[in-house]
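Working notes for the structure below.
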Amino acid sequence: MGKFKINGGKRLYGEVEVHGAKNSILPILAATILNEGVSVIHNCPRLKDVDSMIEILEHIGCKVSFSGRDIVVDARDVKDSEIPDNLMRTMRSSIFLMGALIARNKKAFISFPGGCDIGHRPIDLHLKGLKKLGVEIEESYGYIRCKGVRVRGNEIHLDLPSVGATENIMLAATLADGITVIRNAAKEPEIEDLQNFLNSMGARITGAGTNTIVIEGVKKLHDTEYTIIPDRIVAGTYLCAAAMTRGELTVVKALKEHLEPLISKLKETGCELKTGNDYIKITCNKRPKAVDMIVTLPYPGFPTDLQPQIVSVLSIAEGTSIVTETIFDNRFKYTEELVRMGADIKVEGRVAVIRGVDKITGAKVLAKDLRGGVALVIAGLGAEGTTVVEGAEHIDRGYESLEKALKSVGADIVRIM
């Protein structure tokens with residue numbers, strides 16, 4: 001297990017660039033197998049989860065090359081429809097291959113996926129939606145066997161606006177007979193990115209970014225070249241790191257329209273933020289103020305994936321803040337580690353009460369998941385003394401060379417084994 005060693009108290013200053021969106025590249029990589037040809041994808045992040053998805057694609061018969069920021073997927077020889085358990089367990093996003101394999105090979109055999117342990121994340125919505133398209137599904141002993149001899153369009157109303165279920169249904173319906181309508185669809189920018197990628201291959205999809213998505217099935221897709229959007233969660237993480245260190249940071253390739261809830265809350269803490277077409281500049285010259293309330297919600301609400309980072313900032317804010325987590329039921333585990341650093345945080349179910357302290361101090365802490373782990377790095381940047389964050393492999397799932405990016409803007413951080 002790798003670790004990050006951080007000597008805190010260094011003000012972040014300068015310019016940092018955001019890499020491509022993790023939550024776009026993973027479903028888009030799954031989507032490449034719908035095209036019996038070659039797909040070229042630009043602005044790809046080098047992440048542990050991306051490596052895992054590439055390994056799965058290669059296992060089922062794809063030829064994949066990753067050079068610089070570009071991934072080329074040749075999916076002409078996709079034959080296998082079974083993904084081994086050891087590959088499925090590496091990340092939750094492997095579930096996207098289910099819808100894609102059904103569309104391409106009319107069948108899929110997978111185990112339940114892995115990923116961060118941040119609470120109950122059932123795939124019932126995925127399976128329910130696929131069944132509405134005519135897919136036969138058999139579950140036994142942790143495995144899922146799908147058969148979709150003739151996938152037909154249908155109207156599907158999601159019980160919850162699940163990102164994963166929305167994307168899996170989109171993938172399965174792209175080559176289906178007839179028209180599929182997804183109601184109460186998730187609205188995240190990454191879903192719109194997936195729509196745009198599929199349409200660049202010849203799919204006929206409209207409505208992504210709204211609560212109703214319409215997919216008109218087509219017979220065949222063609223080769224494409226596509227650039228994915230910047231990662232809004234990485235951009236938000238850098239903004240929180242600047243707020244934690246009372247820094248001045250320009251985050252390049254950050255789209256303000258994807259980050260309005262965070263920008264609003266950071267302004268409430270007293271930070272100054274200026275935005276342009278592809279950047280956000282944050283200036284924080286004093287101790288942050290508490291915010292009355294943050295409630296995580298599906299997009300365009302405050303993102304659950306930025307909840308841990310903002311809590312780190314609020315741990316040293318002046319006053320008391322209340323944060324309510326409505327998406328995942330076990331996402332406050334990291335607060336135990338913040339308390340080890342001197343934070344005053346009380347968690348009751350889905351609600352955290354954060355009483356800001358004058359300072360937190362360095363400690364040895366453990367990253368238990370991706371976003372909670374990076375929140376501990378942020379805390380270490382603003383802490384007095386040295387912090388060691390164990391479990392760097394969790395953070396590597398969503399951040400490319402995090403220590404290099406932070407070091408480039410003044411952080412004293414190194415990776416150690």
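Cβ coordinates are placed from backbone N, Cα and C, and glycine is handled just like the others.
Pulled from Swiss-Prot, these are the features on record:
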BINDING   K22, N23  phosphoenolpyruvate binding site
BINDING   R92, R121, P122, I123, D124, L125, D305, I327  UDP-N-acetyl-alpha-D-glucosamine binding site
MOD_RES   C116  2-(S-cysteinyl)pyruvic acid O-phosphothioketal
ACT_SITE  C116  active site, proton donor
Residue among binding-site residues D124, D305 with least C-beta crowding, 10 angstrom cut-off: D124
Alpha-carbon spacing, N23 (phosphoenolpyruvate binding site) to D305 (UDP-N-acetyl-alpha-D-glucosamine binding site), which is rounded to whole Å: 11
Cβ packing number for N23 (phosphoenolpyruvate binding site), 10 Å threshold: 25
DSSP-derived class (H/G/I helix, E/B strand, else coil) of I327 (UDP-N-acetyl-alpha-D-glucosamine binding site): coil
Cα-to-Cα gap, K22 (phosphoenolpyruvate binding site) vs R92 (UDP-N-acetyl-alpha-D-glucosamine binding site), nearest whole Å: 12
Binding-site residues (K22, R92), the one with most neighbouring Cβ atoms at 10 Å: K22
Distant-in-sequence Cβ neighbours of L125 (UDP-N-acetyl-alpha-D-glucosamine binding site), under 8 Å, six or more positions away: L158, D159, L160, S162, G164, A165
